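What Swiss-Prot says about this protein:
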| type | residues | note |
| --- | --- | --- |
| ACT_SITE | C94 | active site, nucleophile |
| ACT_SITE | H189 | active site |
| BINDING | R128 | substrate binding site |
| DOMAIN | 6-197 | domain 'GATase cobBQ-type' |
Amino acid sequence: MHELTIYHFMSDKLNLYSDIGNIIALRQRAKKRNIKVNVVEINETEGITFDECDIFFIGGGSDREQALATKELSKIKTPLKEAIEDGMPGLTICGGYQFLGKKYITPDGTELEGLGILDFYTESKTNRLTGDIVIESDTFGTIVGFENHGGRTYHDFGTLGHVTFGYGNNDEDKKEGIHYKNLLGTYLHGPILPKNYEITDYLLEKACERKGIPFEPKEIDNEAEIQAKQVLIDRANRQKKSR
């Protein structure tokens, strides 16, 4: 049996919206393809390398927890950036997405330094962008989830897709997330992967390609995931009509 290793960073601080469900989805989806997933929880980064890592995951947290996580992850920002540039798949949620950028501006105007992995920034406001969200993606098809964030993120990189219902990165450009090489960043909770198996398969497939192990096409029953996604799409459509 082939194996993949996931590094789950700052799991003790960044799991505000049960984002651990994304790890469970990756593990279960891989199991259906006879791939064993080993999850390494990393809360202290001193001396950490990415030599044994195939996928990394960073969840979301409060502003306070995010600041603590940023400080800890800054110790490995150079190898993290190198891994991303080398094509390592990664999924970052909300705060985990925000602090990959250069800065985070609080509602009172205070600028907090990010990891600076990529050239973008986030500005937080007191009113939050909350509710169901539906996205149309050239790569993943229809994506659904739930968003709840005060941050407005701005960048010129590729995105997960176009927002057809909800807000996304901000309340202006109708774009959601970031898609840079094999790095995915998003504001979608839910968690995102159980309802969007296409993204789960993407991360696993890219990890297998990079490691040189087969990711063979296999008939998998996706009916439960499809039905769950349709429930959110239908609910969003009803909300559209009532506005």
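Glycine too: its Cβ is placed from the backbone N, Cα and C atoms.
Quick caveat, the model's predicted, so the values are computed rather than measured.
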- Query: Cα distance, R128 (substrate binding site) to C94 (active site, nucleophile), nearest Å?
  - Reply: 13
- Message: Around the C-beta of R128 (substrate binding site), how many further C-beta atoms are within 10 angstroms, looking at every protein chain?
- Response: 13
- Query: Using Cα coordinates, what distance in whole Å links the residue listed as 'active site' and R128 (substrate binding site)?
  - Reply: 14
- Message: Is it possible to get the count of other C-beta atoms within 10 angstroms of the C-beta of H189 (active site)?
- Response: 22
- Task: Check R128 (substrate binding site) against DSSP and tell me helix, strand or coil, would you?
- Result: strand
- Note on the structure: In three-state DSSP terms, C94 (active site, nucleophile) is classed as coil
- Tally every other Cβ atom lying within 10 Å of the Cβ atom of the residue listed as 'active site, nucleophile'. 26
- Helix, strand or coil: which one is H189 (active site) in, per DSSP? strand
